[in-house]
Ligand code: AMP
């Protein structure tokens, strides 16, 4: 396994692999790797000749009041995890290499970037789309692996890929959870034991919502989750929305395949989670 720290060097190596006929898989991450990331890596190792894991805490996707500086950066442990999981290259660029002070170009995904998390994290998805586009170009990836855990991010990257004719195929990967249902996240490390216990109610309420969605109307499903989330001590809801699976537009009574997406503060930690919900055949939800 090789550690590459410079974008131009990574791209040169990737181009050589393409010339040799290798297929490249990219797993973009911000590090503090856990089983969720490892599931993406495992898919790439299985599908692709070469697996590149990027580890980059991307400054342009953080708002000024967010946790950019305190975001966990256990570089040594991350490298060990990558090695153990048969990664070929870990790409760990500096912020200055990726976004030097004269960087001027940003990608916007109209509408999709302004809803759900985008309504609370101004310029977040513009930063995500821009770094992902750069990583696609640097890695020359045939496939890139994204977790459904960040559902809006996945949809935005898919839309960007389609609209801008990127050749990189986006591979969605299902959410890895603790046995108790909590979605794995690098930010879970901010939670105290008590907060972690409380946050289990997020995935639990979503799981129950997916059951309710089969037979109850949207209002009931949404209100039930909001009430449950409000009851978590120290919680504050940023949003709890039911949207269409395909394009994140607001769901209505005819929606058959939806996603219930939430962002909830537990103390000082902001957690996101979502669940896919499918209507029972023959029911309209009325
Ligand atoms: P991050 O390091 O949080 O930016 O995440 C890097 C990639 O890993 C993103 O595509 C995430 O959606 C994905 N990911 C994060 N947590 C999980 C999880 N619990 N299950 C599956 N994928 C995940």
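Note: Cβ is positioned from N, Cα and C throughout, glycine not excepted.
All TrEMBL annotations are machine predictions without curation.
If you look up TrEMBL, you'll see 37 marked as active site, proton donor. The annotation ATP binding site is assigned in TrEMBL to 30-37, 147-150, 176, 184-187. Sequence annotations record features per position, and here TrEMBL assigns (R)-pantoate binding site to 61, 153. Under the heading beta-alanine binding site, TrEMBL lists 61.
Between residue 148 (ATP binding site) and residue 37 (active site, proton donor), the C-alpha separation comes to 11 Å.
Per Cα geometry, 37 is the residue among the recorded positions 37, 61, 153 nearest to residue 176 (ATP binding site). If you take the Cα of residue 33 (ATP binding site) and the Cα of residue 61 ((R)-pantoate binding site), they are about 19 angstrom apart, rounded to a whole number. The two recorded residues, residue 186 (ATP binding site) and residue 61 ((R)-pantoate binding site), have Cα atoms 16 Å apart. Checking the binding-site residues 30, 33, 61 against ligand 1, the ones with a C-beta less than 6 Å from an atom of that molecule are 30. Taking the binding-site residues 30, 33, 148, 176 in turn and counting surrounding C-beta atoms within 10 angstroms, the largest count is reached at 33.
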